[in-house]
């Protein structure tokens, strides 16, 4: 930790190895993953110098070395540290992801600066520093208009980077499934009750049940048996309810579903990733507790891909409706538009340097 602080105050000479690279700053793991679809494309065209702020991000980013050439903590926000960092690395440009308004970084560096996935809050620091960026790509046109009143010049809207699909290969299974992902204790009963009702009409339908915490798989399996369901564990597909007791495959399971249900939304958790199933053209249902994913919820409802239900009765009604009529989900198309817009603006700017 002391060494990390020293590197922030007195950036390392080894930065000279990354001279002329494109400097990308993603403060945390969340910002890195949000920007990753764009970073993958930029890495094909530029050497990348990646900086981070969160100490937790360092260990995670070490496992993602395919996407950068040099990794260094963000210099401390004082004139000496940021100037030394720039002097050693001589970057081609700086891309700042989201709302990293560090005054010394933005004021005392001479490198061309780009702000991406930005949104307007109207804070004083935002009003002062936004005009220091040479290119700003924002989430909405309303954000653009607000930043223009602050004196920002080259400002565009491309949408929210969080809405870009990041799909895996997907798993192929025979049968008809509802996939319930990231389910917490306290909401599993709601889903099992609704599924029991749906099975009266759709007897061949199966439920793939993925707990948020894998250690709950056996508890959920017992609850399913208590409801009278035949159960099995993935990859055995003989049960009416198939429990998943392994990490990291939920994203790959969504494409087998006719419908997805995302957890953390029927209890007061705030929701998990609502986007993943819709990237495969699968409609997603969620409960009323979505305060952590409101931006995704609003986007999906606008695209006709997301559906909120308040209780078990509404869940049965919505499942019946979506099972009876094939719904066309075009989220991936919208995702490609957003990604294409960001890449077009960034490439155009970088070509001009």
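Backbone N, Cα and C define each Cβ position, glycine as well.
Under the heading active site, proton acceptor, Swiss-Prot lists 31. The CMP binding site feature in Swiss-Prot is assigned to 211, 212, 247, 248, 249, 273, 274, 275, 276; the stated evidence is experimental evidence. The feature site 'Transition state stabilizer' is assigned by Swiss-Prot to 98, 162.
Overlay of Swiss-Prot annotations on the structure.
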residue	record	Cβ contacts under 8 Å, 6 or more apart
31	active site, proton acceptor	97, 98
162	site 'Transition state stabilizer'	34, 117, 275, 295, 296
211	CMP binding site	182, 183, 184, 188, 217, 220, 243, 244, 245
247	CMP binding site	214
249	CMP binding site	171, 234
274	CMP binding site	262, 284, 286, 290, 293, 296, 297, 300, 306
276	CMP binding site	181, 250, 251, 254, 260
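Its Cβ placed at the centre, residue 98 (site 'Transition state stabilizer') has 21 other Cβ atoms within 10 Å. Across 211, 212, 247, 248, 249, 273, 274, 275, 276, which the record gives as binding CMP, the greatest C-alpha separation is 19 Å.
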